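Chemist: Mind having a look at this structure? Questions to follow.
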Amino acid sequence: MSLLDMGGDMMEDDWEFASSSNPKRTLVLVGRTGNGKSATGNSILGRKAFRSRARTVGVTSTCESQRVVQEDGDIINVVDTPGLFDLSTAADFIGKEIVRCISLAEDGIHAILLVFSVRRLAEEEQTVLSFLQALFGSKIADYMIVVFTGGDELEENEETLEEYLADYCPEFLKEILGICDNRLVLFNNKTTDKVKKAEQVQKLLSLVESVVKQNNGKPYSDELFHELQEEAIKLRDQKKEVELLQGYSNNEIDEFKKQIDMSYDRQLSRITEMVETKLRDTAKRLEQQLGEEQAARLEAEKRANEVQKRSSDEIKKLRENLERAEKETKELQKKLGKCINL
């Protein structure tokens, strides 16, 4: 499948839609496979728009976008993504999906929703932040909101999110919460209580509004967004010009369109390759960093074991010395007793 088949026409249509009827808020769900991104998207939309199942193997295979119109007429555009930042995911797949995600976000991202599950927080999830910053720069942190799924499990345990995080909050998660000003919300995607459903969505949208206000109403956008938008507009304009050509046969018109599509596809390939290069460099750096951290951890464990062994040896030696001293004391007392009797 070519890049054009993957997203060419889709991008053109999206950018054209964005110019005439821009969704007020665009939210992008990212996170590890199986964390509940699709279920969270469905909760936000108020309907089952994305495929979702309770399993650690994700069912989302490509970026998707769905919209909901609120009572006040505002439009919420929700973009669901597969596990883009798992270290095991191929860079070429991620590159294509990043380009697709950007196109679905249309003219910018109002909030990045980092989805974590309270059921399984793993150290490898620290890569999400590194990948996001490598692709979009440190400014992306200003648009991040942390969403925890598994609210049903905490309710069963009669535990609040604050209590859960007080007991278990890895360093990487503390860092993420710190750089996004502790913007976090808990979702129970299994509840059938309409009031609870509405409350958690409203809390999230309130956080989105705070992000929008903090960023002066401007959605996140960078060179990738601008370049993709320019290429899509160029493609649309060129096709319109071809439609207006006179004195050419239908076959010739079709050939012109084909050449335009091929040119657009080449530009998409170039942009995607640029994204893939960034991803590979980041993955290589992260793997090296994780390797160094693991080596340092093993070295620390080795030293701790050595200290413990040394301490055990010293304690054993002290005990032996004490026992010998006690024995010598008893022998001395025995000798003294004999001397007194004499």
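Each residue, glycine too, has its Cβ placed from N, Cα and C.
So Swiss-Prot lists these for the protein:
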BINDING   GLY31, ARG32, THR33, GLY34, ASN35, GLY36, LYS37, SER38, ALA39, SER52, ASN189  GTP binding site
COILED    276-342  coiled coil
DOMAIN    22-229  domain 'AIG1-type G'
REGION    31-38  region 'G1'
REGION    58-62  region 'G2'
REGION    80-83  region 'G3'
REGION    149-152  region 'G4'
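Situate these features within the shown structure.
Modeler: Under the DSSP three-state reduction, ASN35 (GTP binding site) is assigned to coil, being neither helix nor strand. Using a 10 Å Cβ-Cβ cutoff, ASN35 (GTP binding site) registers 28 neighbours.
Across the coiled coil (276-342), mean pLDDT in this model comes to 74.
Among residues of the same chain six or more beyond the region 'G3' (80-83), those with a C-beta under 8 A of the stretch's C-beta atoms are 28-34, 37-38, 41, 50, 58, 60-66, 89, 97, 101.
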Chemist: Inside 10 Å of the Cβ of THR33 (GTP binding site), count up the other Cβ atoms and send me the figure.
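Modeler: The Cβ of THR33 (GTP binding site) has 18 Cβ neighbours within 10 Å.
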Chemist: Give the maximum pairwise CA distance in Å, whole number, for the residues GLY31, ARG32, THR33, GLY34, ASN35, GLY36, LYS37, SER38, ALA39, SER52, ASN189 listed as binding GTP.
Modeler: 17
Chemist: Long-range same-chain neighbours of ALA39 (GTP binding site), Cβ under 8 Å, sequence gap at least 6?
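Modeler: The answer is PHE50, SER52, THR149, ASN189.
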Chemist: Taking the Cβ of LYS37 (GTP binding site) as the centre, how many other Cβ atoms fall within a 10 Å radius?
Modeler: 30
